[in-house]
Each structure stands twice: as C-alpha cells, then as structure tokens.
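K.L.:
Reproduced below are the annotations present in TrEMBL:
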BINDING   TYR16, TYR21, TYR65, ASP81, ASN86, ASP138, VAL139  S-adenosyl-L-methionine binding site
Amino acid sequence: FTEKEAYQQSFNPREYLKEYYSMNDSKDGGNVFLTQNLKLLHKMFSLDGLRGNTLIDVGCGPTIYQLLSACEHFQEIIALDYTDRNRQELEKWLRNEEGAFDWVPVVKYVCELEGDREKWAEKQEKVRKKVKQVLKCDVTKANPTAPVSLPPADCIVSTLCLEGACKDLPTFRSALRNIGTLVKPGGHLVMLTTLGDTYYTFNKQVFSCLHVEKHEVEAAVEAAGFEVKLSEVQPYTVSDDRMDCSGFLGLVARK
C-alpha cells in the first residue's frame with residue numbers, strides 16, 4: 001500500500017490536477033469523474049442545516065473543487081493536507097499567482113449547477129477570501145493537525161482522502177474517529193469516497209486505494225459518533241483504466 005512518505009516524495013500535484021481536473025467544452029466537460037463528484041457535492045451542501053461559521057477540509061490535496069458549493073454556506077475555511085507540495089500548489093492558486101492551475105471551467109460548471117454561470121469570478125474570489133489557513137495534517141494521528149490544535153468546526157468535508165491514506169479498514173475507522181474530533185457536537189461531516197477502488201494512476205505512477213463498500217463507510221462513520229443523514233451512491237460506469245472504482249459515495253452525517 002502506498003505509504004505517506006511516498007506521497008510526500010513522489011505525488012506530483014500538477015500532473016494529478018492535469019489528469020483528473022481538466023475540463024473541455026463538451027456537455028459534461030469530457031470529465032465524468034469530476035462532474036459526477038461536483039453534482040454530489042452540490043446536492044450535499046444544499047441540504048438544510050449544512051451551514052455555519054467554520055469548515056475544515058481534511059485532505060484537500062491541491063484541489064478546490066470540493067469547496068465550490070461549500071463556500072456559499074460557511075464564513076471561514078481551513079484546508080488540511082499531508083504533503084508540502086499539495087499545500088504549496090493550493091496556496092499558489094489562493095494567492096492568484098502566475099502559473100497556478102486554471103479552475104475557471106470547473107468553477108463555471110458549479111455556478112451553472114447553482115443557476116448562474118456568470119457568477120464564476122465572484123465565487124472564485126469567495127473561495128480565495130474564505131480559506132484562512134492551509135495546514136499540515138495526518139489523519140492517522142489522534143489530533144490530525146498536531147502540534148496545532150484547532151477549535152472544533154461546524155463542518156468537515158473530506159473528499160477522496162481516507163481511502164488513499166488508510167491501508168486497511170481498522171485504519172480507515174480509526175482515521176474517521178480522528179477527523180471526527182475536528183467537528184463540534186451537532187456539526188456535520190460531508191464525505192466523498194470512491195467505492196470498490198484499489199488503485200488510481202497518473203503520470204505513469206500508481207497509488208493504492210482501500211477497497212471499501214457503502215455499508216463499511218456508513219458503519220465507520222457511525223462508529224466515529226455520527227448519525228448518517230444522507231448516503232447516496234453514484235455508479236461510475238465509464239471505462240477508465242486510470243482507476244478501478246465502481247462508484248462514488250456521497251455521505252452527510254451529524255455528530
């Protein structure tokens with residue numbers, strides 16, 4: 001299983017972004033992997049009660065797609081990731097630096113889901129303004145942000161993270177308990193998980209994935225002290241040799 005040091009050493013955020021988060025002008029942007037996930041996130045963050053002051057993004061990677069619907073409902077966002085290069089790549093975009101990844105087609109797509117494609121520049125600005133901190137985290141630690149201690153947030157979002165960070169189900173369950181400490185009682189957990197996946201590839205590199213099914217994720221969430229409010233599977237039927245996943249699970253739970 002790909003260990004965390006391999007991510008720190010050899011996970012190239014630019015190549016990852018190019019491979020999985022580029023969109024073209026066709027109807028679904030030529031990227032079903034991405035558009036399916038954007039639709040799930042849009043649906044989850046439209047639910048009643050999913051709002052508040054602070055949102056913590058656990059395992060953000062170098063991406064912002066997971067914040068595009070969320071940023072409308074929270075005032076402050078803290079982004080956490082294990083690898084230095086992922087955090088640097090994200091900060092480059094947040095500072096609007098030259099050479100940062102172009103998220104505009106993705107932002108426009110989400111604005112379209114929300115009913116106003118023309119709001120894309122405003123939304124982009126909103127994300128940049130609301131992300132207040134980008135910190136290192138390790139989901140296998142009891143306090144994932146140690147040595148920093150964060151006040152518990154109103155909501156945590158974690159997309160395509162735990163299944164890449166956890167080598168087996170006990171580790172997955174323990175990681176969920178760990179990140180569960182970052183949210184206050186009555187707060188929410190929003191998760192996007194690949195189902196039935198054992199690997200993903202880009203740039204001729206292979207990274208492991210923990211094969212999980214819907215019931216296993218739900219049980220792990222409940223064992224971490226949450227009540228599942230929504231759990232929806234989107235089958236992934238595209239023939240895609242970059243991964244072997246059968247679908248994506250969108251899950252919302254309340255602590």
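Even glycines carry a Cβ here, placed using N, Cα and C.
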K.L.:
Mind telling me which of the binding-site residues ASP81, ASP138 has the densest Cβ neighbourhood, counting other Cβ atoms within 10 Å?
P.N.:
ASP81
K.L.:
Taking the Cβ of TYR16 (S-adenosyl-L-methionine binding site) as the centre, how many other Cβ atoms fall within a 10 Å radius?
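P.N.:
Around the Cβ of TYR16 (S-adenosyl-L-methionine binding site), 22 other Cβ atoms lie within 10 Å.
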K.L.:
How many other Cβ atoms sit within 10 Å of the Cβ of TYR65 (S-adenosyl-L-methionine binding site)?
P.N.:
21
K.L.:
So the record assigns TYR16, TYR21, TYR65, ASP81, ASN86, ASP138, VAL139 to S-adenosyl-L-methionine. If I measure every Cα pair among those residues, what is the longest distance in angstrom, as a whole number?
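P.N.:
Farthest Cα pair among residues binding S-adenosyl-L-methionine: 24 Å.
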K.L.:
Return the count of C-beta atoms lying within 10 angstroms of the C-beta of VAL139 (S-adenosyl-L-methionine binding site), excluding that atom itself.
P.N.:
23
K.L.:
By the count of other Cβ atoms within 10 Å, pick out the sparsest of the binding-site residues TYR21, ASN86.
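P.N.:
If we count Cβ atoms within 10 Å for the binding-site residues TYR21, ASN86, the smallest count is at TYR21.
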